[in-house]
Amino acid sequence: MISYDDQVLVSYSNQRWEEAEAFSSQFGLRLVALEALPAKSDRAVYLLNFSDTRVELVNWREQAPGPVFVDFVEGALAYRREHGGGRGEMVAKSVGLKGEVKCLNVLDATAGLGRDAYVLAALGCHVVMYERNPLVHALLADGLRRALECADAASVVSRMTLHLGEAFNTFPDGIDVVYLDPMFPERRKSSAVKKEMQAFKDIVGADPDADELLAAALRQEVKRIVVKRPKGAPCLLGREPSFTVTGKSGRFDVYALRKLTGG
């Protein structure tokens, strides 16, 4: 059970009361009808709102940005699916999609909102995702559910499997690559994902066990481990990677352990 001391409330539309009630009961969160919500204030309060169309995380502060939700059907991810850089994407290069390596089994141990997992699945990978925060898991699960209703997106998300919990407690067989994107304290004041980073900072926080995640990954029989890091951030465990794929705002530290193969 999680405890947010009324920092997170669960709200609902009439059509989704049962889902909202089950979630609030499972995780010990207060359930509030939309018409009974408290007045907005400067206090950090979030609603996990089960609306008629989606599950969304709403910042209930005065003058707050819009809601956070997962959308694989429209917007940036749909554009990347149709017009993206293909295997030229940094995440694709980092996991090793090149030449004869066309399909890999990837375990994303820190799924978040599923963006990188979706890019990899769109390129043919099978991605097993683990998310340990139940609020973030609920957002991602709902995004996957809605994507199954769109033929183009469904062909991608059918290669994505989501679990709630710790990836390394029950590590699945047949994984080629472990992908880690631990939360890191956000230093930039202006960002395209500012509202999401603020929400994650408030309800998730940084991952203090990021080093332990890499250590756990290194104990697995996998061929490669990829760690996504901000520019200037130290390497996890102080361990230098085999090589690094670097972009404008971040980098991918790649630990190449065995030769990759994939059909």
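Each Cβ is built from the backbone N, Cα and C atoms, and glycine gets one as well.
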Additional site residue, Asp52, Asp176, Asp181 [criterion: listed by Swiss-Prot with Arg115, Asp116, Glu131, Arg132 for S-adenosyl-L-methionine]: Asp181
Position of peak Cβ density within 10 Å, selected from the binding-site residues Glu131, Asp181: Glu131
Tertiary neighbours of Asp116 (S-adenosyl-L-methionine binding site) (same chain, Cβ under 8 Å, six or more apart): Val91, Asp108, Tyr179, Asp181, Lys228
Among Arg115, Asp116, Glu131, Arg132, Asp181, the record's S-adenosyl-L-methionine binders - longest CA distance, Å: 17
